[in-house]
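A.B. asks: Residues annotated as domain 'Acyl-ACP thioesterase N-terminal hotdog' in TrEMBL: 64-199. Taken from TrEMBL, the feature domain 'Acyl-ACP thioesterase-like C-terminal' applies to 231-330.
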Amino acid sequence: MKHDEMGIVSAPERRLVKQLRASNTRFSAADSTLAVSGKNQKLTDDWESKKLDLVAGGRLLQDGLVYRQNISVRSFEIGGDRKMSFGALLNHLQDTALNQGIITGLLVDGFGSTREMSRNNLIWVVSTLHVVVVRYPTWTEVVEVDTWMYASGKNGLGRDWIFRDSKTGETLANATSVYVMMNRETRKLSKFSKEMRDELEPYFMDCECPIINKDGRKILKLDVTAADQRCTGLSPGWKDMDINQHVSNVKYIDWILESVPHSLMERYDLNVMTLEYKKECDMDSVLQSLSKRVSEGNTDSFSASEVVEFDHLLRLENGREILRGRTVWKLRDTNNCVNSYVY
């Protein structure tokens, strides 16, 4: 999928955006109307007005299968080096995925639940996530984000993202993830029913593989006794829960980085992260974060290495595994500010 092959906003879309911008009326389910193709169309619920508002900030391409949105790097998303943080980048993964669901009309409840999923009390949860950052965008830079979804095995939903410099088309980051369905009440995983697959398939890209290939090496469970770094007593707060009463993905990553030496983050940028989610945790959970350097060298000296690699483990204090991960760090450009952290 090439940058210059993506479509642009159509004339009808441009007219719709102009109408939205020209109107000072606040849309509501009771009395709002919108002129489309010369006809007044009654807006019957809040979701419709939100969907129309989002059209101004994003659009569908490739026969409606790819969602594109431009984002501006804001001051509260950057670190001391004026670059977008890794956590902010992950938030945009979630946001653009949900926006595609809103614009296409798939999303009706929760974080991306479709009508069939809502009827069966199902929600999406992340199974795997792989992110590669080529260059972190800087403050005020405008980033173009493309995302699309596809079938992943019998019971998975794959989703890919590309972050580009909106001016040059330079690739800034790629990401790929697999989601599975979980029952909101029982917290058990669920299979795709025929009705759910029929509902989603019209929006699937015909992809044989993700946009980026994950590291082929299997992430083995970290030997607790071999860990170089550990942080204990970690637990989620109310602010860490999403609307599905599920700990946010960014919080899991925050916990992983708790056991990464600060001396590393002072001089290195997080370049690659691969995560495998094993089990969710709840408000009463108390966790341990463990890390082990797997590249040559020791955790006391990083200065001689261009690339540093760590394996990670999040587990409950009773030993039950929550997440496995691997991170790759690259020596920061000397022109960047010192003392700038990933978070």
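Cβ from N, Cα, C; glycine included.
Owing to the predicted nature of the structure, the values given are computational and were not obtained by experimental measurement.
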A.B. asks: With DSSP as the yardstick, break the domain 'Acyl-ACP thioesterase N-terminal hotdog' (64-199) down into helix, strand and coil residue counts.
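C.D. replies: Looking at the domain 'Acyl-ACP thioesterase N-terminal hotdog' (64-199) with DSSP, the answer is 33 helix, 61 strand, 42 coil.
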A.B. asks: So, by DSSP, how many helix, strand and coil residues make up the domain 'Acyl-ACP thioesterase-like C-terminal' (231-330)?
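C.D. replies: When I sort the residues of the domain 'Acyl-ACP thioesterase-like C-terminal' (231-330) into the three classes, I find 17 helix, 43 strand, 40 coil.
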